[in-house]
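Asker: If you look up TrEMBL, you'll see A:24-557 marked as domain 'Cytochrome oxidase subunit I profile'. The annotation domain 'Heme-copper oxidase subunit III family profile' is assigned in TrEMBL to A:671-845. The region 'Disordered' annotation in TrEMBL covers A:1-22. Residues or ranges marked as transmembrane segment in TrEMBL: A:89-118, A:130-151, A:301-322, A:370-394, A:481-503, A:595-613, A:619-638, A:668-691, A:711-730, A:742-764, A:776-803, A:824-846 (among others).
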Amino acid sequence: MTHPEEGATGPDQNDPEVRRGQEERLRKVWAAPAGWRYLSSVNNTEVGLWYVGTAMIFMLFAGVLALGMRIQLAVPENDFLSADLYSQFFTMHGTVMMFLFAIPIFESLSLILLPQLLGSRELPFPRVTAFAFWCFFVGGVFVCGSIFFGAGPKGGWFMYPPLTTQERFTPGYGPDIWLLGLSFIEIAALVAAVELIVGTLKCRAPGMRLNLMPLYAWYVLVVAGMILFAFPPLIAGDILFELERLFDWPFFDPSRGGDPILWQHLFWIFGHPEVYVIFLPAIALLAMIVPTFARRPIVGYSWVVLAAVGTGFISFGLWVHHMYTTGLPAISLGFFNAASEVVAIPTGVQIFVFLATCLAGRVIYSVPMLFAAGALAIFVIGGLTGVMVAMVPFDWQAHDSYFVVAHLHYVLIGGMLFPVVAGIHYYWPMIFGKKLSARAGWYAFWPMFIGFNIAFFPMHFSGLMGMPRRVWTYPEEMGVALPNLISTIGAFIFAAGFLIFVLDAVRPRKDQPYEKRNPWDAGTLEWLAEMPGEAWGVRSVPIIETRYPLWQQPNFIEDVSAGRFYLPDAEEGRRETIITSVLAAKPECVVRVPGPSHVPLVAAVLSGLVFIFATFHWWLLTGATAVAAGAVIIFWLWRGTAEIPEKPEKDVGLGLTLPLYRSGPASVGWWAMFITMFGDLTAFLSFLFGYYYFFTLHADFPPPGTEGPGLFWPSVAAGVFVVTWAVAELSKRSNRSGRVAAARLLMGLAAAGALAAAGTLLWGPYATRLDPVAHVYPATVWVIVIWVALHAAIGCVMLLYCLARSLAGRMTPDHDKDLSNVTLYWHFIGLQALLAVATVSLFPLAV
Amino acid sequence: MILPPKVLLPRLRVVAALLVSAMAAACSGEYSTLDPAGLEADRVAILFWVMLAGAVAIWIFVIVLCRSVVVRVPGENAERQARRLILWGGAVFPGVVVTVLVVFGVGMMPDLRRPADGPTIAVSGERFWWRIAYDVEGGPGVVRNLPAGGVSSANEIWLPVGRRTEILLSSPDVIHSFWIPAIAGKMDAIPGRVTRLVVEPTRTGVFAGACAEYCGDTHAQMRLRAVVVPEEEYAAHVAAQAEPAAVTEGKGPELFLRSGCGACHTVRGTPADGRVGPDLTHVGGRSTLAAAILPMSVETLADFIRSPAHLKPGVEMPAFGMLPEEEIEIIAEWLGSLE
């Protein structure tokens, strides 16, 4: 064990003068900008707060919509809302709760918590965080705003085609607003997920091996990984959907070979993991709260980790249970029935871990624990009805009825909203230095708990009595008037309880004194936070040897606060944090994270406008803003990334010297590229899935009389791709070995090769005159080749960027992050190009 | 704090009595899945009651357990007990329960999806009503379109009791879902596909059904009726439906044709042969109007002709309120007489 005192060679941390100097420098470096410049802040603490706040406001908005629906359904044949408005209300309610509340609240809470939990000063890409937030903000306001113009989407939150793809069924821009607005938000969510994964893998305090990570961080890893693989199929689906709406490519139109069920597959491959993306973070919050109030470490740490990872994997094998009534063969129904039930086991493990921890500890009462208990009581009902609806024969009755509405609200409110409220109560002092009122918490809890059950329990019976979901009214003779009236009353009681919570949160608390440090006497790192908080995160980056350092490492808080660990100072006036290795968390280098900037805000607004203009088919403006957004992003990269430090390494304290620049797998940028490209590859595989799906659906695919893209041009394209890929790799090696001129030449050649590759790939279907509007086969081929060609074009820009960096002296043989990341990108594109050619050219020959 | 049994038990009894009466109320109703009149609905209702009983027991167990682990002061072996609790309560117990359930539930399916031994009926879900054709050719295998022909009707499906009737489902526009809760679970009607549902009604009567997949603003008003009758009566009904309209001459059909109604509606025996809307050959014989949202009468027929969107927002039929009042009444009267 290394006690911080040993081997200390730097400044004397016991000297208060030395410490005061360090603190002043740290405070200055990490200070949030004031006044109007506040919006240029990129620090995880500020951006995280905006993010949480915005998500909560969207949640309240969606809640008000829900109350509107409950008023409409209070009595049979009511006319409070028209059918049209009611459809917009339920579509928007589901969409906002899912995409603008449930996912962002996890990502935003994690942005705030993660650096604290990991003993890091900041996540690796603060400006990317800010970009993701602003994208979310712009996209969310756009989507929500549409309802005030009566132009909101109204196809239900899963937007089944052909209802939503064809103008004659759904006139107007509603579906486009949904698709483009949400695609934009989904991209932001993906960006944040990449940030969270890299943060968890690379920004842990030295010594925090994977099996010492706080459980919350494990959940972040699992959930962000699920987002990474679950969102791309939906984005691919969105692209197909929008191509059909904008250009009439018939992916979901059965009259030209398409199939509406493909959308359901793509949507639910996303949609089912999504449920766990929402539920697991809530469990993660409980995994932090329960040990604190049971006054002991969690029992069964490895059980929880295994259960979380297991749930993540299983959740990708369940999507068909949303499609039991689409007439699938009995054998697949049986398989998915069994698979859906299996998930009860890891879920049971996670719940029983908490019960076991309470059993082995001495539980004390607190508001977070009250909400946790409420969550348990509600969620267990949701889980049990989940076991019921996963049974195929029962689901034939319950599917698309109010039983499902009841089930999903028990799961989401018990498995997400209550734990989030518990988490907000728990973490409020960490962020603001003051607790929320325990009394208000109690008064909020009971109406919420009782009102929730009054509102949603009767819905089980409304559903079994024959009430389908998404009906704007129902007849008296259906016999569901009484349960509906009860539900409406319950909904208002629930809302009143939630209002008490919100009012307590927003009321001014100037007179309330700050809490003592670690006010709940917790054991995990985030409670190092000073009261009131300091912007620097941790005073010094500690060495971690246990799972609950505040309980298990003696004198820990004092050593950290006295700056006796790493990076106690900001000598060069830069924001710095330590990067460690993925498994063992050995220090690898110091990363300098960027400070405040307006660029992410500008880039996000411009990118948002691209999507908004495209919604209304203003193509000229769309093109212009796309170019502008691209230029701003390149400016951002040029000025703010891969900066060459003024010295190769620095002393971080305790006798340790770390490099300031590393490329390849030791750098966070490389990991971000690697992880992003996995998401990108998943989207591409979703298109290939579409191709093979149509192949299995049709007896003749390609349809008779249609000539595919041929063999010649795609083969040439594959060759050019391979050569370009090799040249890019070669340029990296030449640059590393100091042959800069050769490297520059190769970069130029590779850039030209990229364009040639894209051109030849597109030439195949063009030369054989494949018409994407005529049939789904040419449309699918075109989508695949355009996707790869676009990636090649972006790869060309990347190579030219590297060339320019090299010429400008911003990239040298020793400092080659840019080229190293671009080469990594090309590995993925090379692979995609080969898969694309094999599918569109070779596969039809083989069958 | 946990109440002593003396106080608790009577209270529990009251709660149980209330629950039972609430459930009994839920059982009844023409739309209810818990008042079964078909083989599948019957089995599923049993499955539901069994699962419900199990779920209630498990929930009470978890809550009592939660309370006791919170209250209990940990003893010496607490850590070991806690680990055992995770293993047995968290992993083994749910594992056993879901295994039993899957074996039981999946085991039910082959019997529920046995092949048909009765007639084949084609049902097309259309915005926002049901096109029905009796006695179509079933045929095995995957087909992409409903078989043509058959005896056409709309919004009221007659079924023979005790026979397994095959229902072929599709849609020309958007996805709908065919659901008669008292008889069987639902099955989607999907454009470009034909899905199959075999139903076996076990008692006679009239049962209500609804579209269960959101299909547009009027989704809530897309309902239907199922009339379950003995086999002979079924055969007689289909034979009667195959007949041309009862009255094909006179002022009614004349005005009907002159106003253009025949462009969308068929009345067999008259030149009206439109295929867009429901077949009206025997409309007066049906018990409801406008996809089972209104009782059938001359008045409701007239109201519907005047302003369909008023009764059924989003309906695709245009309003004919511009026709003179007496003409509307004559048409309605004629339609009402077509039994």
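One-based numbering along the chain as shown.
The backbone N, Cα and C atoms fix where each Cβ goes, and this holds for glycine too.
Any TrEMBL annotation is an automated prediction that lacks curation.
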Asker: Need one number: mean pLDDT over the domain 'Cytochrome oxidase subunit I profile' (A:24-557).
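Answerer: Residues in the domain 'Cytochrome oxidase subunit I profile' (A:24-557) carry a mean pLDDT of 94 in this prediction.
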Asker: Given a Cβ distance threshold of under 8 angstroms, which distant residues of the chain, six or more beyond its ends, lie next to the transmembrane segment (A:711-730)?
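Answerer: Here the qualifying positions are 746-747, 749-750, 753-754, 756-757, 760-761, 763-764, 767, 792, 795, 799, 822-823, 826-827, 829-830, 833-834, 837, 840-842, 845.
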Asker: Contact between the transmembrane segment (A:824-846) and the transmembrane segment (A:668-691) is defined here as three or more C-beta pairs under 8 Å separated by at least 6 residues; is that satisfied?
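Answerer: The answer is yes, given that the two segments have at least 3 Cβ pairs within the 8 Å cut-off.
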Asker: With a Cβ cut-off under 8 Å, give me the same-chain residues at least six positions beyond the ends of the transmembrane segment (A:130-151) that come close to it.
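Answerer: Distal contacts: 41-42, 47, 50-51, 54, 58, 61, 65, 84-85, 88-89, 92, 95-96, 100, 104, 107-108, 172-174, 177-178, 181-182, 184-185, 187-189, 191-192, 195, 597, 600-601, 603-605, 607-608, 611-612.
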Asker: Are there residues at least six beyond either end of the transmembrane segment (A:595-613) with Cβ under 8 Å to its Cβ atoms? List them, or say none.
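Answerer: Residues 29, 32-33, 37, 39-43, 127-128, 130-131, 133-135, 137-139, 142, 180-181, 183-184, 575, 619, 621-622, 625-626, 628-629, 632-633, 635-636, 639-640 contact the transmembrane segment (A:595-613) from elsewhere in the chain.
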